[in-house]
């Protein structure tokens with residue numbers, strides 16, 4: 001889907017002077033920014049109408065996330081491609097059937113969460129975009145309020161404008177879903193790596209099979225794996241720092257506008273319910289970030305228990321000293337955050353929403 005949206009150049013390439021880059025520029029300017037521009041123009045033309053202003057702002061908040069996310073992906077494409085290379089490295093692969101079974105729950109949780117998100121997002125998209133077709137109360141109505149420099153009340157201008165809004169909002173919706181799914185996948189993968197590392201630590205020494213040289217090498221490999229996981233997590237966190245911050249900001253604004261509309265502007269109308277749907281949609285996106293971020297914190301905190309569960313009592317004295325140093329290092333769990341302002345955890349989600 002990222003390839004279709006112009007957000008994933010082929011193979012290991014990044015953006016350059018190519019047809020694919022031109023396609024992505026057209027996608028952002030004509031669809032994403034285009035529909036936002038016409039709605040923004042309508043916003044300024046109706047500043048005295050509080051109901052229209054709040055309705056447009058709700059839609060703009062959701063839509064403006066798409067070009068911002070697209071820009072972040074384009075800007076960090078080199079980092080993303082490097083992350084994909086790291087994912088495919090031998091160090092990050094499960095080493096036996098036991099480890100493959102360990103990471104299956106992570107993959108299944110991601111598939112179920114993202115699948116549910118896709119299902120409801122696509123359902124919202126088609127119900128919103130097809131609503132004017134079945135609404136007989138208003139003639140020549142569009143899914144979203146917008147100003148155009150021509151008369152949309154005649155054919156074929158109306159049909160073409162409707163088609164543009166449908167295509168543009170579809171692109172925006174799919175952009176938001178796919179990038180959110182990618183971020184959730186990166187966090188899921190980090191959590192799965194901690195599961196693999198925990199298993200390696202539990203079984204890195206067997207007194208009946210391993211010599212002191214073998215166990216020292218295995219411990220060094222575990223330490224190296226831990227360092228690479230932290231490096232991978234840092235790069236992933238740098239990629240989506242702004243994305244998480246923008247999502248939380250949009251969610252906060254949406255909640256504030258909902259409360260404002262509830263107390264000042266006609267509450268409990270069909271428009272109010274649609275605005276609540278926007279707010280809930282952003283809340284689900286933030287929940288995905290917080291859920292998988294919370295999983296990383298939990299799984300990284302299990303490293304100390306995995307070390308204790310190993311056959312450490314039979315280790316040589318020198319290896320025990322190295323293990324103690326490593327144990328001190330892993331006592332602090334890994335926490336993903338947005339610029340360090342707030343951590344991705346269920347506690348943060350409950351406090352905000």
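Each Cβ is built from the backbone N, Cα and C atoms, and glycine gets one as well.
Remember, TrEMBL labels are computer predictions, not curated facts.
Given the structure is predicted, the values throughout are model-derived calculations rather than measurements.
According to TrEMBL, the feature transmembrane segment maps to residues 248-269, out of the candidate ranges 226-247, 248-269. Residues 115-134 are the range that TrEMBL records as transmembrane segment, among 115-134, 135-154, 155-174.
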